Amino acid sequence: MSGKQDLSPLGLYSSYDPTKGLISYTSLYGSGTTVTFEELQIFVNKKITQGILFGTRIGAAGLAIIVLWMVSKNRKTPIFIINQISLFLILLHSSLFLRYLLGDYASVVFNFTLFSQSISRNDVHVYGATNMIQVLLVAAVEISLIFQVRVIFKGDSYKGVGRILTSISAVLGFTTVVMYFITAVKSMTSVYSDLTKTSDRYFFNIASILLSSSVNFMTLLLTVKLILAVRSRRFLGLKQFDSFHVLLIMSFQTLIFPSILFILAYALNPNQGTDTLTSIATLLVTLSLPLSSMWATSANNSSHPSSINTQFRQRNYDDVSFKTGITSFYSESSKPSSKYRHTNNLYDLYPVSRTSNSRCNGYPNDGSKLAPNPNCVGHNGSTMSVNDKNGAHATCVQNNVTLNTDSTLNYSNVDTQDTSKILMTT
């Protein structure tokens, strides 16, 4: 007998595929259970991919929380709080999922043998908590999307459209959250009753489709706002967004990338690992919420185009003084009074016509309406009266406040003790 162990002759054949080799072991179904090396490798690769993905989610969400906290000037607005909650929930959900991956419930031993002796109640509780945190995460994302729709169409001239679109978003978001909740409850019920039972993916697929529909709907609205902003600025003769700025808005502030990933997740073959695209898309949605919120709340009637609003509050006008020389249709005091009633066309999506008879009126604190000054006349025949926020020191000097043919206002020598406010009413 040779001292060397005999080698398999299969090693000499280049056509032999070792991944097709069989592993025989004892499982819940008996001692004759077999599995190929390929199936085992696919399972291990899937778990490694999930670990990398959810580890990346933890790092990205944690960094986004810190950066958003540093750059935001107003941290008390609802949309900032909602976005911070969304980022925190994705961090918590990813942490729990990593705990699930490291537990016995996601181990190779249990998934291939189905022997549940090694599964503790703690592993089951982590599984249930992960599912419920995912429901809360989806709810926070939907609330942020609904709030952005409401902010975009909050102007007086667009309340009808805003109510309809906000209602559609609310119904779609509520349905999505309910479906995720049903999916989580059914999964937890099946696991608590029988650890070896496989959960039904029917409701999960419906919930994922509804979430992708919400993101696609919001992407469309933010894109429409960009188109109308470009149209409005061209009409007003203001400086346009350059090509890089438009590309930046489309890439990061309209949720276009997660929208594409949601579509690819269902268009491609799931056996090729495309199911992870849903997790990546959810991460990109959550990370994009602060940027899309900045775009949703930004105004587009200033002389210099900007898509960044770190105040995270609705901006319908420019916070500039008459002394700066930078003007637009809207100008307010840097310390606006809460008693003012703002009447305006949100974001100037459809600007005032050049041929319309517009009148510019001031409103003092007592709510009464001041008569327009007949000595102040614009080029299109409109009459104007300029008032400061106290409503008592306003004077309009003839030919010093004019409405130009390019529909922008020029201010000079306006007698006021504070930064004045002009409201356009038709």
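Including glycine, each Cβ sits where the backbone N, Cα and C put it.
Annotated features, as they stand in Swiss-Prot:
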TRANSMEM  50-72  transmembrane segment
TRANSMEM  79-101  transmembrane segment
TRANSMEM  131-153  transmembrane segment
TRANSMEM  160-182  transmembrane segment
TRANSMEM  202-224  transmembrane segment
TRANSMEM  245-267  transmembrane segment
TRANSMEM  277-299  transmembrane segment
Quick test of the contact rule: Cβ under 8 Å, at least six residues beyond the ends. What residues does that give for the transmembrane segment (202-224)?
138, 141-142, 145, 148-149, 152, 165, 168-169, 172-173, 175-176, 179-180, 182-183, 186, 250, 253-256, 258-259, 262-263, 265-266, 278, 281-282, 285, 292, 295-296
Chain residues in Cβ proximity to the transmembrane segment (160-182) (below 8 Å; excluding those fewer than six residues from its ends, i.e. six or more beyond):
134-135, 138-139, 142-143, 145-146, 149-150, 152-154, 203, 206-207, 210-211, 213-214, 217-218, 221
Grab the same-chain neighbours of the transmembrane segment (131-153) for me: Cβ-Cβ under 8 Å, and only residues 6 or more beyond its ends, written as numbers and ranges.
78-79, 82-83, 85-86, 89-90, 92-93, 96, 159, 161-162, 165-166, 169-170, 172-174, 176-177, 180-181, 183-184, 187-188, 207, 211, 214-215, 218, 221-222, 225, 282, 285-286, 289, 292-293, 296-297, 314, 346-347
